[in-house]
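**Student:** Have a look at this one.
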Amino acid sequence: MERRVDNKWASTIASIWIQASCGASYTFGIYSSTLKSSQSYSQSTLDTVSVFKDIGANAGVISGLFYSAVTEKRGGRSSAGVGRRPRSVLSPGPWLVLVAGAVQFFAGYFFIWASVVGLIDRPPVAAMCLFMWVAAHAQTFFNTTNVVSGVHNFSDYSGTIVGIMKGFLGLSGAILIQVYYTVLKDQPSAFILMLAILPTSVSLVLMLLVRIYDTNAMGDKKHLNSFSAVALIIATYLTILIILENTFTMPLWSRILTFIVLLFLLFWPLRTAIVAMREEREGSSEPSSSEQSPLLDDPLQVVSKEVSEDMNLIQAMRTGDFWLLFMAMVCGLGSGLATINNISQIGESLGYTTVEINTLVSLLSIWNFLGRFGAGYISDVLLYKRGFTRPFLMAFTLLIMAVGHIIIASGFSGNLYVGSVLVGVCYGCLWSLMPTITSEIFGVGHMGTIFNTIAIGSPVGSYILSVRVIGYIYDKEATGEDNSCYGTHCFMLSFFILASVAFFGFLVDLVLFFRTRSFYKLILHRRSQHSQLIAAG
């Protein structure tokens with residue numbers, strides 16, 4: 001029998017490692033001061049550059065369109081019959097999207113580094129905004145490829161695989177910062193060059209392994225759970241490291257040792273993939289095995305055309321469900337990102353120490369991860385075991401986010417920690433739930449384009465709430481000579497407004513929940529029939 005390594009498990013490992021290396025947009029705080037001083041920027045100018053980073057990292061419509069274009073020959077469906085391994089092609093394919101992302105990643109960060117070290121003349125602010133946008137925009141090409149390909153390969157467990165991919169992206173910022181602390185401590189300009197080289201190299205080395213297989217197996221869940229367990233262990237380990245680094249001065253030898261342990265944990269999922277591939281080879285040697293039965297080729301044809309049909313972007317935008325989901329993301333992602341962007345200033349206004357603020361900011365990436373990973377995993381369990389739909393879980397998430405904003409607004413001692421945990425986890429949940437809901441309502445054929453279009457709601461909402469609400473009210477309350485503000489009044493009104501916005505998103509998502517209840521009944525029926533088919537052999 002032919003021994004293959006180019007299957008969905010190798011693809012998953014490659015995607016995990018790419019996701020774990022490409023979240024450079026979350027590391028802006030490491031080199032922002034160097035960028036500001038080298039370019040003689042004011043704080044407002046630096047904030048302008050940062051806005052283009054947020055826009056590039058969240059507006060991935062181009063990456064979605066490109067992904068759909070280069071995988072169009074597959075038509076979003078398996079080309080194999082029941083019981084046969086689907087054909088995997090090199091061209092066109094997802095690897096082209098990764099190449100496009102790698103080129104942008106390297107070009108954007110290389111020009112930023114060249115500007116900082118004086119290799120090129122200091123560029124105009126508009127040019128620096130373009131460099132930052134290109135660098136951050138590359139992240140959407142990696143994210144789209146890995147998330148959508150994962151949904152194709154594990155469509156029975158789309159929530160879990162989206163949670164894993166989004167979770168490792170959430171952890172990537174903390175992982176890259178650990179590389180900086182170990183190898184390039186106190187060299188932020190060299191860190192920018194590392195961002196140009198390291199994630200680009202990882203994606204180019206692994207890109208040919210990331211492919212679409214459109215298959216499902218009864219044993220997939222236990223292996224996905226193993227990936228999830230490793231992700232949780234890495235998150236716990238990074239949390240401990242962050243607290244230690246912000247509490248003690250760690251010597252070089254300890255940093256090297258802790259970094260080696262981190263690398264070991266990052267390579268640990270490879271063992272799970274090898275076990276899964278071994279089981280797959282052993283199972284496929286039996287003629288009656290249905291391990292690789294494509295879900296969408298179910299001969300029972302029990303699924304209505306409404307469930308199996310893919311919509312393109314234009315068709316999706318003609319539906320009310322699209323705009324309900326978009327508005328919910330404007331409210332949820334927008335208010336969450338506005339909180340994350342202003343967390344340092346909130347801490348300063350409430351009298352937190354520098355160490356406390358740094359710890360708070362660092363831990364936000366962990367809360368973000370827990371939300372991304374947890375919502376994906378839990379939504380699968382609640383949907384298939386309890387019948388609770390993902391829009392219902394999203395509505396509950398938005399309600400908890402509103403509570404988090406209210407806790408921050410109260411301004412009592414310690415409440416910023418509690419509020420930031422709730423907002424950070426809920427923000428991550430939304431990033432995991434939204435792509436999964438998109439794939440279920442509109443299909444996987446153009447999923448990348450549609451969910452990246454909906455994701456535009458994040459920078460739109462963040463701009464309105466950060467600049468027009470938080471910034472405007474803060475400036476009105478500021479009384480210091482340096483336009484600073486201290487006290488609970490600086491952000492209280494702003495966060496009551498953010499809580500109202502998140503609650504409005506909750507109401508919007510309730511409408512989506514009621515509109516899609518019957519649709520999700522069909523999805524559950526689809527899964528039940530598929531499970532019966534596999535059990536029957």
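For all residues, glycine too, the Cβ spot is worked out from N, Cα and C.
Bear in mind that TrEMBL entries carry predicted annotations, made automatically and left uncurated.
Among the features that TrEMBL reports, domain 'Nodulin-like' is placed at 8-68, 94-271. Per TrEMBL, the feature transmembrane segment maps to 95-119, 125-142, 163-184, 190-212, 224-244, 250-268, 322-343, 349-370, 391-410, 416-437, 449-474, 486-514. The feature domain 'NFD4 C-terminal' is assigned by TrEMBL to 311-522.
Map the listed features onto the structure and describe their local environment.
**Tutor:** Confidence over the domain 'Nodulin-like' (8-68), given as mean pLDDT on the 0 to 100 scale, stands at 86.
Cβ atoms under 8 Å from those of the transmembrane segment (250-268) belong to residues 17, 20, 175, 178-179, 181-182, 185, 230, 233-234, 237-238, 241, 244 of the same chain, restricted to positions at least 6 beyond its ends.
Long-range Cβ contacts of the transmembrane segment (322-343) within its own chain (Cβ-Cβ under 8 Å, at least 6 residues beyond either end) map to 50, 54, 58, 316, 357, 360-361, 364, 394, 397-398, 401, 405, 408, 416, 420, 423-424, 426-427, 430-431, 434, 437-438, 441-442, 450, 453-462, 464-466, 469-470, 491, 495, 498, 501-502, 504-505, 508-509, 511-512, 515.
Residues of the same chain lying 6 or more positions beyond the ends of the transmembrane segment (449-474) and with a Cβ under 8 Å from any Cβ of it are 51, 54-55, 58-61, 63-65, 67-68, 140, 144, 147, 311-313, 316-317, 322, 325-327, 329-335, 337-338, 341-342, 345, 434-435, 438-439, 442, 485, 490-491, 493-494, 497-498, 501.
Panel annotation: around the transmembrane segment (486-514), residues 321, 324-325, 327-332, 334-335, 338-339, 342, 346, 348-351, 389, 391-392, 394-395, 398-399, 401-403, 405-406, 408-411, 461, 465, 469-470, 473-474, 477-478, 480 of the same chain, lying at least six beyond its termini, place a Cβ under 8 Å from a Cβ of the stretch.
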**Student:** Would you mind splitting the domain 'Nodulin-like' (8-68) into helix, strand and coil residue counts from DSSP?
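**Tutor:** Tallying H, G and I as helix, E and B as strand, the rest coil: 51 helix, 0 strand, 10 coil.
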**Student:** May I ask whether the transmembrane segment (95-119) has at least three C-beta pairs under 8 Å with the transmembrane segment (416-437), counting pairs 6 or more apart in sequence?
**Tutor:** no
